[in-house]
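Structure in structure tokens, see below.
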Amino acid sequence: MPEVYTAFENEDFFSSGYELQAMNSRGIYSPSSGSQETASVSSVLSSLHDNELNDISVIGNPYITILEQPTEKFRFRYKSEMVGTHGSLVGSNRKNVPTVRLHNFLDPAVIRCSLVTSDEGFPRIPHAHKLIRRDAGQDYDDPHYITVSSETEYTAIFHGMSIIHTAKRHIRDELIKKMRLEALEKKKNTNIKATLNSREEAQIKVDAEHYQKHMNLNSVALCFQAFVTNDCGVMIPITEPIYSHTINNLKSALTGELKICRMDKLTSSVEGGEEIFILVEKVGKKNIRIKLFELNENGCEIWSAYGRFSELDVHHQYAIVFRTPPYKDQDITLPKNVFIQLERPSDGESSDARKFTYKPSDKIIGRKRQRISYSGSSELSYISPNTNSIGNENISELLSNSNSHELSKEIKKLLSEGTTAPVCKDFLNDIDFDNYFKLLLNSEENMLGTDGPSIVQHQDDVMFAKNILTEIMQCMKMDAKNMEEYIQKLLKDRSTYGDSPLHSALRYGQHNIVKYLLMLLCTNKDCKTLINSQNSSGKTPLHYAVLQNQPEITKALLMLGADPNRTDDHGFSPLHVAVKISDASACVDVLLAEKGIDIEAYNDAGWTALHLATKAGSYDAICSLVHAGANVNNTDMSYGRTALHIAVEGGHKKIVEYLLKKTNISVNKRNFSGNTALHTAVVHTGTRAKELCALLIQHGADPHIQNHNRESNDVNKKKESHVNVKVEVHSEDENIEGTIGQSSFDLAMNKPDILQVFNGQFEKTTNKMYSVTTKLELKNEDLQTNWLNNEHKEKLSILLNKTQGWQKLAKHLNIEYLLQTFQHNSISPSLGLLNYIDVEAILSLMDMQTLLREIGEEEAADYINEISSICS
DNA sequence: ATCGAGTTCCC
DNA sequence: CGGGAACTCGA
């Protein structure tokens, strides 16, 4: 087609469509003229008597601007859904409908709207979907034509359109239909009588075939083009086509709206790694990310990170279980508000952002923190500001300068001078004060916490305990009337997170302040209550003492009546907390020494201390727990695992070894999924899989125990029957439970090194257990007990691979259902088969030799003959 | 055969 | 309308 009309693609005109509309509102009328030639002439002429403002816009070729884009999201409907009304394609502003205007043209023309592919940068082709237009209860297929003229200000308004999702099976036909029409129209522009020749028809079919597979069915665009009809009734385009932006299918996981529906919790520790369950609208598991980000005051993103999860953590397109990433700043002392949103890599779409909060770590002091140098003075300067009510310079000085012995004497004196209420006399009598104070004073640290605040703005928080203590001292010195009451009030004061002074001092590692607070507390009538007070996350001072790995303080707290079994909001007792910290074994021991501690207690997730310790790999804690009498065969309530499962899962070889060697843990215990520790070891992805398997096998793990994992193929069907036969034979083998599932052995099928471990063990010990399982009688004792070693197996497998004899062998052994397994999974199919025969003790070497001869594998048979003669 | 994802239909 | 679920299809 000759390029008579060139595009007018000035960006300015595109973006200034609205201004143009205003300027042209008067409209231009010119008497109709027949041909295109005169059309452009008349447009030039008319520009002469148009006002100056319009000059720029009227000179040039006709073009179309889009006054109103269609919405970006629209639900594509199937034909069958088109009963009744479902709303039509509206404009991007949600009110109007798609609208375009023809410029630089003075005759009536028609504007066509059709549906095309949306891939920008690629040639637009007709889309397989339909764009229907409903008018007065009638539906019309695309394309749609609207006549424009000066009366309508050359504006075409496309009402009542909707997009019909062509069914997959009709895509090709629909494409062919549209592509034929397009090709025909093109040809007719030059020759009215033109038809498509068979070569063109064929080409269209080929193209349609191709597009059918690759067309994006969830995105379309509208195509607008203006035409005039010539004398022969042929549509002659007078503008280049212009395309709307993309319209995406609202119902698809690929382009649908991303939405966070619900979240399990909205907070995480700065350390990250916390598991969160999030319910979402339909997503594709391969095409979704969870982004956490922070904005500054100006709304600029200043931090972002992605939640950690795998495809397997996306449940049925509607839920995701992910772990939070660590926050950039581990040292925050106040909650940090950030945002969380879903992000779709394929098109960069994202959901609305939800608020999310990072909480400061409980172990703030556990880490090395950068110390900010305070100008000129000691930390003393931090004490004074908050003292408008009480002039306490003396006390401050006392606190900071006096050696601790002096001060403790001071306190002790105060305490013994009868300031204590009679109620606690009994309690005080019970306490071994000498020991207690020795414990507390057995420290050479300075009075003030060794750690200053890392960030100045949080000094109030950090100084909370110190300020309270200062006030108390002040109060004592002044011997005020309501002193006791006042002190009581001070001790009960709370700071951020509901911290009592004791919590706060512990949280910030101000160990000396802790000690002084404890001295004060021990004489207080509400001592027990105060000691056991819980902050807003339910933690007691004991939790923090343990988190800070302070065995002495832990002990002191216990002496003062701290309840070792009080749990935090997640059901964690101090023991639960302690065993998770690998170097806090001293605290574990202190706790375990406490009578009344419940070592089998479960946290809210259904884990005992032993499970938590195992998960964390805290070897010492495990030993302590076992010594303290923890039941090693106790299972967690969420997965039914013993510590052995958990240890294997975590690859903690040393712990596995300990459990197996030093405890009476049951090696073959199955978890809720029916898996034994050996199953877990076999599928272990780390480098230790083999060692772990060996260890378990050594301690009697049975690789034939099956889990509850029912596979879903023919292979398994057959295997079931196979297994059932086996079970019958070994009916004395207690409780294989007749279940249908995978054994450790099954799981190891494609792991030759692990099979070796299994084999090695059977060569030595298991012939008794798995003897005489086949119809074939075993004749040669030697060959029965000594099967092929690995080297022999490899050599033999080379022979059998060469001739494909392994397939025949498998068939004759009635295990052809495993052919595929061997074929696909083994490095060498024959080796897989041989290992299988070996482990399952299907037949003796002698029989093997016979069988090989029967099936014509002379070379292999000879080889066996050769090695067996060497052996004997 | 079975499962998850995608498609189609129904209310 | 939007939500939901039944159906279908490909791995």
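Yeah, the Cβs are placed from backbone N, Cα and C, and that goes for glycine too.
Pasting the feature list from TrEMBL:
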DOMAIN    A:59-254  domain 'RHD'
REPEAT    A:497-518  repeat 'ANK'
REPEAT    A:537-569  repeat 'ANK'
REPEAT    A:570-604  repeat 'ANK'
REPEAT    A:605-637  repeat 'ANK'
REPEAT    A:639-662  repeat 'ANK'
REPEAT    A:673-708  repeat 'ANK'
Take the repeat 'ANK' (A:639-662) and average the pLDDT across it for me.
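91, rounded to a whole number.
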Can you see whether the repeat 'ANK' (A:537-569) and the repeat 'ANK' (A:497-518) are touching - at least 3 CB pairs under 8 angstroms, only pairs 6 or more apart in sequence?
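By the criterion, they touch.
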What does the DSSP secondary structure composition of the repeat 'ANK' (A:497-518) look like, as residue counts for helix, strand and coil?
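Tallying H, G and I as helix, E and B as strand, the rest coil: 17 helix, 0 strand, 5 coil.
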For the repeat 'ANK' (A:537-569), what does DSSP give as the number of helix, strand and coil residues?
16 helix, 0 strand, 17 coil
May I have the DSSP-based helix, strand and coil counts for the residues of the repeat 'ANK' (A:639-662)?
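Computed counts for the repeat 'ANK' (A:639-662) are 17 helix, 0 strand, 7 coil.
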